[in-house]
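As structure tokens, the structure follows; a few thoughts come after it.
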Amino acid sequence: MNRTVELRNHLRELHNFRLRLVISAGFVLVLLLLLFSRFYYLQVIQREHYHTLAEANRISIAPIVPNRGLIFDRNGEVLAHNYSAYTLEIVPSKVDNLETLINELSTVIDIAPRDRKRFKKLMEESKRFESLPIRTRLSDVEVARFAANRYRFPGVEIKARLFRQYPKGESASHVVGYIGRINDKDLEQLEVNGDLSNYRGSQSMGKIGIEQSYETELHGITGFEEMETDAAGRVIRVISRTPPVSGNNLMLSLDAKLQEVAEKAFGDRRGALVAIEPSSGDILAFVSKPGFDPNLFVDGIDSENWDLLNNSIDRPLNNRALRGMYPPGSTFKPFMALAGLELKKRWPQQAINDSGYFSLPGSTHRFRDWKAGGHGIVDLHKSLVVSCDTYYYGLANDLGIDNIFSFTSQFGLGKKTGIDIEGEVAGLLPSQEWKMKRHKQKWYAGDTISVGIGQGYNLATPLQLAFATAILAGNGTAYRPHLVKKVLDNNNEVLREIVTQPLYTLNLNAANLATVRNALIDVTRAGGTAAVAGAGAAYTFAGKTGTSQVVGMKQGEKYVENKIQERHRDHALFVAYAPAETPKIALSVLVENGGHGGSTAAPIARLVMDYFLLGKLPEESAAKAVDQSGDEEEETPAELHTHD
Amino acid sequence: MIKLLRLWHYLTRYVDGLLLSGILLLMLTGLVTLYSATDANLARVTNQATNMLVALGIMWLVANIPLQHIMRIALPIYATGLLLLLGVMLFGEINNGARRWLNIGITRIQPSELMKIAVPLMLAWYFDKHEATLRLRDYIVAALLLLLPVIMILRQPDLGTALLIAASGFYVLFLTGLSWRIIATLFVAGAGSLPLLWSMMHDYQRRRVMTLLDPTQDALGAGYHTIQSTIAIGSGGVLGKGWQHGTQTHLDFLPEKSTDFIFAVFSEEFGLIGNSLLLLLYLAVIARGMVIAANASTQFTRLIAGSITLTFFTYIFVNMGMVIGILPVVGVPLPLISYGGTSMVTMLLGFGILMSIQTHPKLVKT
């Protein structure tokens, strides 16, 4: 019984299957007929039309790559330009055995192992039908020699191409950036943006810095050439030519000379410096040390140089000014002081007696001042001049984290400044909300205390510190910091300016501002923490030193610079502006593991200001003076980190 | 002499002569066209001939394996394929912007190619197991078995392969007698979700669809392929321009002319007559495959044979449809003719299975 059912099932299944098979056979036939009818339509009915098109297809269209725009500094000095050179290129899809071909080629033209490696890397990165350079910058002799042997190498061609060059080399490399070969990821992005056809023929595009963020301005519009070819595909004549439109030139706000002075002032130290004109937001200098040579990237960097840059412990590719986050340390205090005055938690003459530490009511934990025994009677003015920590512990407690957050964030801390190159980070201005989100913890009163002296969770980039200082120097008026001042056409006529209007103006009490600003002037005079750097300045020089901790110390442990490995030493910070009455320049300096702000960072600022305001080039002796220590130096209070 | 003949008979006893003749004729056409497409590049042609020999060897090997053995390894093959696909997602190598290859030390493999065989095997095995009691639940399980690899391959992204695997699995479902109601529902649901899909697409994806509708919109970009291949085919006319005389081909207007667009070369040089003969040749191979499927003795072998044959047809239709501008440009080769070893091997592996089904003694299941 069972068996018959199963048998029937099998029969029905077979029947079912065959029915379905017949249906699909019908389906196949219909679709084949559809193909055939399309063939018939194309090859019989429309044959004439397509015949004509194929004949006309003797005309081919070749893209003409536009000249990339140039980059100048604010005085017209060239930072990036183009030059024409011959390259030897291979179309891999037209070649059977690349290895043999390259070996044979090397008998005609020098091909170094480095060229081979780079070519291999390019092969991996690009689509097969592209033409790829095996050698760049051929000499005339080499061009001639290849031309004579050309018949031996199908698929190999000499092409004249424009190359990008950065005449300043390492200087301002983080600002200008570099161009590099267009890779698959770039192509995808270009397709998404709908720019793909404008990049037919283009070999490279901006990868970082100005070259990247102003790519659309710099690239230009690709032109086309219509050419008639003979049956063998050789060009007979050019029928029409749509010339390319060169990219726009860029005039930076940067002062290349000032930039060089600043870079030299750092010597071999790692660090960053950002100088801003407070009345416009123009970035005058933007240093990240060490830098790198952008010329290495232009025709594809080889792996050795890449590894050297990428694996260096000094991380030269890291843009410290834009992306480095450091505790602002005592450079945070001027903003705290202003907050205290504006929010009426302090009046200028209100003084405390600093015995060297601060404790929260009902707690025995001591937040210690950097100076053992304290500074004695300290009012607001003195608190900035000697950088008294205890004063700001108390002030932070009285203000509370919410007030600190909302007041200082007006100076651009904890958010991106909106600078016109990509990759900026926002730093960190802690708040109750942030701590709950990030650490799932409520805010403790103790957290506020260390934030008050720019430590704890506080982090800022050198760019942010310069921006905040510029707002202070401009009496509360903020301009978006920018590296490009003007976009110019090819004849250097101005097309547009990047920033003309202020972002906002803070409503600050003039008397309060004057109190803080006067104190900052005295920081650079005798008795102040930057007295050494300020000595003998021909202008009034306002500043604030800072030190930010790299490694934690135990409660009661003393920071002794000599005993600590160089890379674990404190970072030195300094923010400043000058002339103090009508500031023309505001800046921030950071020296990694530099120790004290007053002795390492402030002298760099002084050299930069001297050059910018007086046109004075630093002398050898001045550079040496940088290393000498000042009289009294602040330090990071030892136990700061212990409560977080 | 007689001994040799006997040996030959012994070696070829599991080879289906009819199917083999069709395959060999198609391969020959492929080599002749490739010679023209590569501008008489003998090295390329030899290379492709080697690919073909290797693939034929694999076909012979597979033809010699009785189907019961193949059935037993359906599940392990499928599971391995899935694992390898997962491996690709996690550690795959990126090439030309897609993550398709997996480096397993000795060599690089493309697991999605394996799935082209593994998916129909798995589904046929599943339905064979549950043949007496097919319920909706079985179809849902089968659909999941199919969709899992398809989605993983779509994400690589490899639209062409995903499409072919989806088709091969769907054919198995269709041949088991998936109810017309469900098919109609799927169809309507598919058509209904189009506007939603459109709203979810990236701009550049939309542009690709628009390019299909009007290739001249982006004549220098994505539409270029289609414009040039239709010109090649149309200008070929009834008789064609003659072997090695296609102007589109030899003046370098045709892109990818030895791989995905090789049909345009063939069509330009051999015209409508060549096209018709080629279609007939393909049809003969498909017909043989269907006869094998109709005569197969078990549900498993039937489904496999049917799915392999219909998938073969799908390759042809999708490739030609793209070259003549009625389907969007997806990377699907013209079977047995396009340059390339991987798809050749997969294709002939399938034919090996067909031969094994046809030539091994049929066990009638009781």
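Placement of Cβ uses the backbone N, Cα and C atoms for every residue, glycine included.
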B:160-181, B:336-357 - the one TrEMBL records as transmembrane segment: B:336-357
Same-chain residues at least 6 beyond the ends of the transmembrane segment (B:303-330) whose Cβ lies under 8 Å from its Cβ atoms: 67, 116, 120-121, 123-124, 127-128, 159-160, 163-164, 167-169, 171-172, 175-176, 208-209, 211-212, 215, 222, 225-226, 229-230, 233, 260-261, 263-264, 267, 282, 285-286, 289-290, 292-293, 296, 338, 347, 350-351, 353-354, 357
Contact check, the transmembrane segment (B:17-37) vs the transmembrane segment (B:336-357), 3+ Cβ pairs under 8 Å, seq sep 6+: yes
Winner by Cβ pairs under 8 Å against the transmembrane segment (B:336-357), considering only B:49-67, B:136-153, B:270-291: B:49-67
Distant-in-sequence neighbours of the transmembrane segment (B:270-291), which means Cβ under 8 A and at least six residues beyond its ends: 16, 18-19, 22-23, 25-26, 29, 236-241, 243, 305-306, 308-309, 312-313, 316, 354
Sequence-remote partners of the transmembrane segment (B:49-67) [C-beta within less than 8 Å, at least six residues beyond its ends]: 14-16, 27, 30-31, 298, 300-301, 304, 340-341, 344-345, 347-349, 351-353, 355-357, 359-360
